[in-house]
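One structure is given here, and the rest of the page talks about it.
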């Protein structure tokens, strides 16, 4: 049973948040939610990559105890600028320091929002420290799902999904399932299928003959969501939905027959759960990431997110389409990669990061992204993934192979 709005949060001390990826889209939305609830939450530590100016701005506004940047030179610049501004925030640098912040004894919640494989080790550090982890980093489950879920179970860390689709599924599940993320018995709880929705991106009606000519500017212009460049391209190829499919399989302990992917262009229904009695429970709302962020921060209570309420009278209609794998080969590849094993999903994810970067830099065509991903998965030797070092080894090898494939495409 869910607590009344604000009940649990009001009864507790102010929650300290470590925001991994504070300068990114999810990080900025998290800070917006904190701004709406200053009496309940404190930005204890902010972590970024190399965006010094934005980190300075965030530190001045939210006054965290710690700030960390992955890039050491950027961290030095940050320290100098904060000192000049008279701020006492302690500045740290590098992956080791970031992992230590994720596991800091004074941290109550960790928002895991670093994009890509770079977020893997800090997120794992938070789990190993038994933190409440608000999971927005898809790659953690895509690259080492079994290892990660096993660690969650072993450490009794609380895992709450932030991705709008997975959060919608989470909210549509019975309380017993919410308490068993990663190992809930769906059938025993009367659940028939997890229904994952996706907008289909900006090119769902574009003629396939035009796909070779799609530009980075067109690909990052998502029709519904405000997101970073990489995830916007992933949405356009539906690799984003493929990664979410893999993530959902791990989060909800779902078999292939318990998964359904459908295209819902309006992005109003964020995902659904089918029950064995014919009921379908869906979570709806305006497409704004502050809603799922606020839900995870307050769980099992509710807090103000700053999101405009859904106006049903403004809806022109809700439509649904079956995914077209010719239009979205990356989605098909992701489903097949999960069936092949953890090595394949790791290889695919690494290849995709390299391919998307190459596309954004105009080195390859939009349609080459899927070609690079498929070729890398084909070339990487099938192997057993037993530990994090195995994951990192496959990730590193796959990135090198992806770069070679890109060179061959340009030849």
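Including glycine, each Cβ sits where the backbone N, Cα and C put it.
Since the structure is predicted, the reported quantities are computational estimates derived from the model, not experimental observations.
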1-deoxy-D-xylulose 5-phosphate site partner of 138, 164, 165, 222, 235, 240, 241, 244 (as recorded in Swiss-Prot), chosen from 125, 199, 279: 199
One of 200, 201, 228 listed by Swiss-Prot as binding NADPH at the site of 23, 24, 25, 26, 49, 50, 51, 137, 139: 228
Alpha-carbon distance [residue 139 (NADPH binding site); residue 165 (1-deoxy-D-xylulose 5-phosphate binding site)] in Å: 15
Position of peak Cβ density within 10 Å, selected from the binding-site residues 138, 222: 138
Same-chain residues at least 6 apart in sequence whose Cβ lies under 8 Å from residue 23 (NADPH binding site): 46, 48, 49, 51, 54, 55, 58
Other CB atoms within 10 A, centred on residue 240 (1-deoxy-D-xylulose 5-phosphate binding site): 28
Residues close to Mn(2+) site centre defined by 163, 165, 244, Cβ within 8 Å: 138, 161, 164, 166, 167, 196, 240, 241, 243, 247, 248, 271
Pairwise Cα distance for residue 138 (1-deoxy-D-xylulose 5-phosphate binding site)/residue 163 (Mn(2+) binding site) [Å, integer]: 8
